[in-house]
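A.B. asks: First, the structure itself, so that you have it in front of you.
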């Protein structure tokens, strides 16, 4: 079976500075794939380029179609969703309006059902549905951003640092929901600094450093890798040698 | 000054202020959604007014031809952009909205212009013609620049204003025109005399503001427009095309402009270049509202109208100067209250 998303030899540059160099990655159906790496490694840049926000040199194919020359909106229509790091909510509008707009391209009758699904996934949002998005707490805003993206019925949801700045209990909640998404047939490409949590739920993993992938493989193998453990998981094995 | 004169001036000011309010709201809307400062708003006023007056006088307005020409231009742009992946449905849709529609309207205009149509048909035709001009103008002049800075968009806006004003002179000549009142007759209440026309102005303004409020609050497209204004990237990620929002914003702005023109032209003689000053007063109100606040803009517009009425009574030579001077304290206060903001980059 061919991969849902496949990126081949991608380069992304800001002017003359290449932030992402020769990166290839695949996300299969019903998979959680994570990209871990330090701040500034180029993870966000890569996601933005896959979404079409930044220009990308190389090949990106989604569900068998080449994405070159397609706008952000076309990619959304094809089933690619991004929850950006800064969430980009409609802060002066209420929760329900934010969600409704997430389903802008979807038939109205289907959108109603989608909203019920999102409310079951995030009961907190239902409680707050008449509240302005800008007045929500950080965790609720993250839930709303995810909910809005899910309203567009994506086949692949890309999450950029969903745990950033959130309390551990909410992070656990969000990671639990990500695994539920996989169970319901949505693939996830997860970018995280919190490598430990991300590797725990992911199937495949890539480790990114200074714009390049330095390691890739099954998430459990990556988690067991000594160098990754030393650099990203916050503990050092006895006598670990750097790879 | 006695109370009768004062009441009369306030009434006059509110009538004008209502129109400035509509124009100001349109400016705020267009700026929020597309970042274009819509200088040609005044030309929409002129075109609406003079198209209406020409039709009512049984003359053929050149604006109908301009709409077709711009439509063909818009169609050409659509073809050029889609040249790599032309497919039938897209071309057909673009052809229908950009070429067939203005062609039909042109034919109707030629047909009706010959036989002095009733007021309702004049209004409908004028609104449709100016609405199309607004829509195609966005496609031709602003959509290709949508990613550039506010300054570039402003310069394009000034260019469009100058071009439309020149074309206005060509279409309508240097002579001023007046149109028939939408509602004739009048009645008096105490010392005040209300004409049918001023009641029309109040009625239409209130109906339009309520209509806009419902559109933005309740409909999906209205919410999408607000979403684009609040967060452009967020809107795109939700699948809302910036160009769609831009088109709706320009459509609304041109309809509002034309409607204002149709409401003014029975009260005052309008020339091909009168719209600019009228639009600028809406702009003053929009600036007082910080180009973001709709309620503040509407209130400021009424204030501008009243100040204008009083200054034309006391110092009619200076009435424009006095109105535009209102900006100086506002800008001073705003610059003191808010630190310099770097221009948004996106």
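Keep in mind that glycine also has a Cβ here, set from the backbone N, Cα and C atoms.
In TrEMBL, annotation is done automatically, which means it is predicted and not curated.
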A.B. asks: So which range, B:66-83, B:228-245, gets flagged transmembrane segment in TrEMBL?
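C.D. replies: Comparing B:66-83, B:228-245 with TrEMBL, transmembrane segment matches B:66-83.
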A.B. asks: So, taking each listed stretch (B:17-37, B:90-112, B:118-138, B:150-174, B:283-309) in turn and counting its Cβ pairs to the transmembrane segment (B:321-341) that are under 8 angstroms, which one gives the highest count?
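C.D. replies: Comparing B:17-37, B:90-112, B:118-138, B:150-174, B:283-309 against the transmembrane segment (B:321-341), the winner is B:283-309.
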A.B. asks: Counting CB pairs under 8 Å, which listed stretch among B:66-83, B:150-174, B:194-216, B:248-271, B:283-309 touches the transmembrane segment (B:118-138) the most?
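C.D. replies: Most contacts with the transmembrane segment (B:118-138): B:248-271.
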A.B. asks: Using Cβ distances below 8 Å and needing 3 or more such pairs, separated by at least 6 in sequence, tell me whether the transmembrane segment (B:248-271) contacts the transmembrane segment (B:17-37).
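C.D. replies: Contact between the transmembrane segment (B:248-271) and the transmembrane segment (B:17-37): present.
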A.B. asks: Do we see three or more Cβ pairs under 8 Å linking the transmembrane segment (B:283-309) and the transmembrane segment (B:66-83), pairs being at least 6 apart in sequence?
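C.D. replies: Per Cβ check, the transmembrane segment (B:283-309) does not touch the transmembrane segment (B:66-83).
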